Amino acid sequence: MTNSSYPLSDILDTETISAINTYQKFFNLDVTGMLDNKTLNQMTLPRCVVPDLNVTYDLNSETNVSWPQGIHWFPNGTSTNHLTYGFLPESKIPREFQKVFIDAFDRWSEAIAELKLAKLNFTKMNYKTSDIKIGFYFLDNSVENVVGGTIMRYQKGSCSGNGSKIVGDIRLDASKYWVLPGDNGTWSWKDGDFDLGTVAMHQIGHILGLGHSSNVKSIMYPSILKTKEIKVEIIGNDKNNIKNVYREISSATVSGYRGHFFTLFGLCVLVINFSLDFILLFN
C-alpha cells in the first residue's frame, strides 16, 4: 500500500453528494445525497454508455471522438435529408439482425416526417463510405452492465477537401445474447439477453441528436428496467424531444438468434465505469 498525503475518510465530500443528488433527481429517485438501496439498484441496471447529463459535443481534430449531440454532424451541414448506414463486415451480422436496424431507421424516419419537421431518409450502403456505422464489439469484461453506445468521430481519407468527414458509430456488445422480434422464449437481461430492436431504436435516437430522457417509457431512457423489456414505439416524450432537435434545422444558417456471438477483428473498445457516469475510450 502506498502512502498518501490525503487523509482517508468514509464521509462523502460536497462534490460527490451533489453528483448523487443530480443522479437521483434525473432518475426520479428520492433525493437523499446518499447511496441508498434504490440508488444503487438503479446504478446496477444495464444501460447505454452515453452520459445522461452535461453531454458536450467537442469533436475536433485532436480528440477525434465525441459523444453525439445535436444534428450538426450531418454531412453538408444541417440541411441534409439523406443519411447512409452500413454494417461492419468483420461483425458478420446476420440478415435478421440487419433487418431490425432497417426497421428502426424506418420508424425514426416516419416519426420525423409525421411531425412535419423534416424529411429524413436512410439508405443502406457500403460500410466504408457510410455516414452511420454499425458494429458489434467485445467490450471490456469488467463492465457487465454496459450494453452499447454511440459516438461521433472523424473518418480520415473518406472525402475530398480536408480528407475527412464526420461519421456516427453505433457499437453494441457482442458478448450479449441479442433477441430478435417474435422470440417469445424465456429470456432476461439478468442472463445477458437483450432485445435488439429496443437497443437499436435507442442508439439511432442518439445518432439523430436526442439525449437521454428521464421518462421511463421513453425510447431514450438510458437504463433497461424490465427483465424482458421491449421498447420500440416512439411516445409523446420522444416526439417532443424530436421537435426540439429538428426545429434547429429550420432556424439553421445552412440550408433472437439466441446465443449468436459475433467475431471481431481489429478495433478495441474499452469502457470504464467512472463515478456516476461512463467514459468511452477508443484505441
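Here the Cβ of each residue, glycine as well, is placed from N, Cα and C on the backbone.
Over all protein chains present, the Cβ of Met220 (Zn(2+) binding site) has 22 other Cβ atoms lying within 10 Å. Taken from TrEMBL, the feature Zn(2+) binding site applies to Cys48, His202, His206, His212, Met220.
The domain 'Peptidase metallopeptidase' feature in TrEMBL is assigned to 70-251.
For Asp169 (Ca(2+) 2 binding site), the number of other Cβ atoms no farther than 10 Å from its own Cβ, over all displayed protein chains, is 24. What TrEMBL lists as Ca(2+) 2 binding site is Asp131, Asp169.
Positions annotated as Ca(2+) 3 binding site by TrEMBL: Gly149, Asp173.
Annotation comment: TrEMBL describes Asp183 as Ca(2+) 1 binding site. DSSP assigns Asp183 (Ca(2+) 1 binding site) to coil in the three-state reduction, placing it in neither a helix nor a strand.
Under the heading transmembrane segment, TrEMBL lists 261-282.
Residue with the densest Cβ environment among the binding-site residues His202, His206, His212: His202, by other Cβ atoms within 10 Å.
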